[in-house]
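Right, one structure below, let's go through it.
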Amino acid sequence: MEKWWFNSMLSNEELEHKCGLSKSADSLGPIGNASGSETPIINGIDKNIHSWSDNGSYSCSNVDHLFGVRDIWSFISDDTFLVRDSNGDSYSVYFDIENQIFEIHNDSYFLSELESAFSSYLNKRSFSSYLNSGPKSYNRNYDRYMYDTQYSWNNHINSCIDSYLHSEISIDSDIYSYICSESLSGSDSESSSIRTSINGSDFDINTKYGRLWVQCENCYGLNYQKFFRSKMNICERCGYYLKMSSSDRIELSIDPGTWDPMDEDMISMDPIEFHSEEEPYRDRIDFFQRTTGLTEAVQTGIGQLNGIPIAIGVMDFQFMGGSMGSVVGEKITRLIECATNRSLPVIIVCASGGARMQEGSLSLMQMAKISSALYNYQSNKKLFYVSILTSPTTGGVTASFGMLGDIIIAEPNAYIAFAGKRVIEQTLKKTIPEGSQAAEYLFHKGLFDLIVPRNPLKGVPSELFQLHGFFPLNQINKYK
């Protein structure tokens, strides 16, 4: 339903936008509800702005019994819109910015009287001004309906609304979201559509629209959340690979119904009692556990990949940057030991900022512990380990199990490094070329075996496993 928006404020000098009419303690009570009750009705409003009427003519009868012209000042506020849809039905739209209240009422009788009151007031002020000052000094601001063209009036309303949106409604409100996000469809003329611009300082797409849209980190285009997972978190506009959660990667890689997680109840206990002036370590752990639904920065377990039993660990960058603490190291070590005992191939998907500083040397020790378990797995048991490096893989993970795979696979354009660019530049006092820590550049230097896009990422390890003697269970049972 297309809705039409009228916003104006009556002042001594001119007719200015200040969002129409509102509640009054001295008059009728809540606008659009003469009974005095307040029943919120949630609805939306379009951002196509028109004048209140196409012809600009109004009747001013049957008004005095509601309120006189002098009483109209008590109705002026910043909080109410007069709205008319394409069917001619009228509404009053009230919202309180501070308390984020949004109400709509469609009492047609009251609104018709309200509309007439405005017309009556404008006509009386214009006529009085004409008599007192004469034709030459007559202020036409008070009679835009009678003398201004429709185009001029629309432009006036557009500029007022545009100014108001930028100056007043910079809050986390569904009203502002709806106005700024709805398309221009339904607008009959260019002059009647409001033009708004949004900058990152007061309008965060990810915060306000996270449940609907995902913003690309590269081109800043919006991807519809409903289809984003089915496209494996790849931007539709530029093809950029956005981060995936560990749960999404498990769903992508593991056959349905075969996932058996390990050590889900293992959590960090702040072993060195790390304290920060900003936020205690335990509070940070609790926060990320609530926001991600995970207990730690890695998920480990046993599953099947195209029918082949495997042991897999998937790191999650959303949990404290995927940092490796004592729990992460212990879970990965136990996974490798389980795979060693059961002669299973291992996949570890890396996405980490490195060792967790809140656990000091205990986090650094995990590098040696995991590497020791991998040495026994690879060298003594002659089993097969595939390392998959995603963006970002840095620090202690790069310096340990990330680069120890029998086959090392990287995602396209993944950021892979030991130290970050700023650290290197500040330490060596040299400028690091752009792209020198990207997967493609490092691949040509011989650091990886493969760069594999996400679409075939499940099939490639499956073929590698079969090449190394790991076959699907149905084929093993077939030959028995």
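We count from 1, first residue shown onward.
The backbone N, Cα and C atoms fix where each Cβ goes, and this holds for glycine too.
Taken from Swiss-Prot, the feature domain 'CoA carboxyltransferase N-terminal' applies to 212-480.
Around the Cβ of CYS219 (Zn(2+) binding site), the same chain contributes CYS235, ARG237, CYS238, TYR240, each under 8 angstroms and 6 or more positions distant in sequence. Reduced to three states, the DSSP call for CYS219 (Zn(2+) binding site) is coil. The annotation Zn(2+) binding site is assigned in Swiss-Prot to CYS216, CYS219, CYS235, CYS238 on the grounds of sequence analysis.
The average pLDDT for the zinc finger (216-238) in the predicted structure is 89. Annotation comment: Swiss-Prot describes 216-238 as zinc finger.
DSSP gives CYS238 (Zn(2+) binding site) a coil state; it is part of no helix or strand. Each of the binding-site residues CYS235, CYS238 was scored by other CB atoms within 10 A of its CB, and the lowest score goes to CYS238.
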